[in-house]
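Visitor: Annotations for this protein, taken from Swiss-Prot, read as follows:
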type	residues	note
SIGNAL	1-23	signal peptide
REPEAT	169-195	repeat 'PbH1 1'
REPEAT	196-217	repeat 'PbH1 2'
ACT_SITE	210	active site, proton donor
REPEAT	219-239	repeat 'PbH1 3'
ACT_SITE	233	active site
REPEAT	249-270	repeat 'PbH1 4'
REPEAT	278-299	repeat 'PbH1 5'
REPEAT	314-341	repeat 'PbH1 6'
């Protein structure tokens with residue numbers, strides 16, 4: 001009998017070696033999940049346990065529960081690589097009156113290699129109490145220095161300011177998100193990207209009070225596709241060059257996106273007095289539905305009022321090598337194309353091809369007009385008022401540029417494979433310990449071994 005007991009204990013030990021994982025549920029660390037109790041410390045304890053473990057770490061936010069969190073910082077670097085966050089429940093921020101701590105952001109992940117956040121959970125920033133506030137307002141979810149980052153499947157609601165901010169990250173994939181805030185909510189950008197490279201954003205539905213996506217300085221190799229944007233301010237490059245900033249943006253490809261009732265469609269915006277460049281940018285395959293400014297380059301951006309930008313300086317961010325291709329749909333205003341560039345630093349190599357933008361109000365298929373200032377380039381179509389672009393049927397340069405830009409952006413691939421951890425097929429729990437089995441072959445082998453021992 002003692003021999004059988006020893007064999008059973010050995011078998012359990014053997015199974016644990018081959019099937020154990022660092023998968024930790026926040027409720028194991030005291031999280032209540034009633035939407036009222038502050039669960040911040042429980043989340044930090046769970047994170048510390050996952051981050052300091054070995055192997056693949058999994059941080060689980062269970063379904064059917066709502067966790068109220070004060071501002072939190074999830075710090076790397078972690079021994080566990082990759083780190084999986086399985087977001088199945090709901091996170092809610094405190095109201096402005098109950099806010100404690102950092103007002104720059106609500107949730108921050110920093111210095112983490114191979115972070116994967118997936119699930120059908122919800123992140124609610126409770127931003128309505130902040131939107132009338134004139135001072136600083138927190139971004140809901142921020143990632144800083146997180147390389148090989150994946151974010152997928154979540155719903156993001158009502159951030160006090162921007163919903164998601166990506167900074168100093170390399171190799172990022174964001175997909176299948178739903179981001180929603182009222183059209184009247186100020187500065188509630190969907191996704192902001194700055195000082196980052198090799199970023200893919202795809203198949204997201206975004207409705208906000210500001211830019212659906214904003215690409216800021218220090219970015220390169222950005223591929224955006226399958227975005228449904230509206231309401232909002234469109235997909236923007238910038239703003240760039242504020243307060244004399246030297247800005248750099250290059251190799252950006254925006255493809256197959258829809259804009260519905262937005263203030264802008266495809267936009268590049270820079271401040272006077274800045275320097276640097278925005279170049280190798282392509283917007284291709286864009287559908288427009290009653291968009292105020294379908295295509296706009298604005299080198300006189302002034303925080304929203306370009307017409308009154310009186311401080312016109314001798315320097316500006318250089319905008320060049322930009323292709324707008326395959327646009328179809330309607331403009332809310334009479335202008336489908338609006339280019340306003342600096343006399344000292346004009347926009348160059350700007351190409352329009354294969355587009356049909358009509359005014360929504362006319363109802364008669366009237367072609368939307370264009371206006372331009374200090375722009376050099378070419379167009380395959382005659383847009384009324386857009387005489388600054390040379391009319392040409394030979395657009396080999398623009399076709400080359402479009403292909404080169406989108407191929408560079410599409411070549412973005414993570415350096416390491418970070419596949420999400422599967423749900424366990426069998427869970428054994430005893431005396432507060434939990435054993436999870438993920439492989440059916442190992443489970444069958446274990447059952448056969450135990451059966452053999454007991455039969456002897």
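Including glycine, each Cβ sits where the backbone N, Cα and C put it.
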Visitor: Can you tell me whether DSSP puts residue 210 (active site, proton donor) in helix, strand or coil?
Guide: coil
Visitor: Whole-number answer please: how many Å between the C-alpha atoms of the residue listed as 'active site, proton donor' and the residue listed as 'active site'?
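Guide: Cα to Cα, the residue listed as 'active site, proton donor' and the residue listed as 'active site' are separated by 5 Å.
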Visitor: Compare 169-195, 196-217, 249-270, 278-299 by their Cβ pairs under 8 Å to the repeat 'PbH1 6' (314-341) and return the stretch that comes out on top.
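Guide: Looking at each of 169-195, 196-217, 249-270, 278-299 in turn, the most contacts to the repeat 'PbH1 6' (314-341) are made by 278-299.
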Visitor: Let me spell it out: for each of the active-site residues (210, 233), count the other Cβ atoms within 10 Å of that residue's Cβ, using every protein chain shown. Which one has the most?
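Guide: Result of the Cβ crowding comparison: 233.
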Visitor: Using a Cβ-Cβ cut-off of under 8 Å, list the residues of the same chain that are 6+ residues beyond the ends of the repeat 'PbH1 5' (278-299) and lie near it.
Guide: 230, 234-235, 237-238, 240, 247-270, 272, 306, 316-333, 335-342, 345, 347, 350, 352, 357, 360, 368, 375, 401-402, 404-406, 408
Visitor: Where else in the chain does the repeat 'PbH1 1' (169-195) make close Cβ contacts, counting only residues six or more beyond its ends and a cut-off under 8 Å?
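Guide: Beyond its ends, the repeat 'PbH1 1' (169-195) has Cβ neighbours at 127-128, 131, 137, 139, 143-159, 161-163, 201-219, 222, 229, 231-232, 412-415.
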Visitor: When DSSP states are grouped into helix, strand and coil, how many residues of the repeat 'PbH1 3' (219-239) land in each?
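Guide: DSSP composition of the repeat 'PbH1 3' (219-239): 0 helix, 14 strand, 7 coil.
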Visitor: Averaged across the repeat 'PbH1 4' (249-270), what pLDDT does the model get? Just tell me the whole number, please.
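Guide: Mean model confidence (pLDDT) across the repeat 'PbH1 4' (249-270) is 98.
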Visitor: Determine how many residues of the repeat 'PbH1 5' (278-299) DSSP places in helix, in strand and in coil.
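Guide: Here the numbers are 0 helix, 20 strand, 2 coil.
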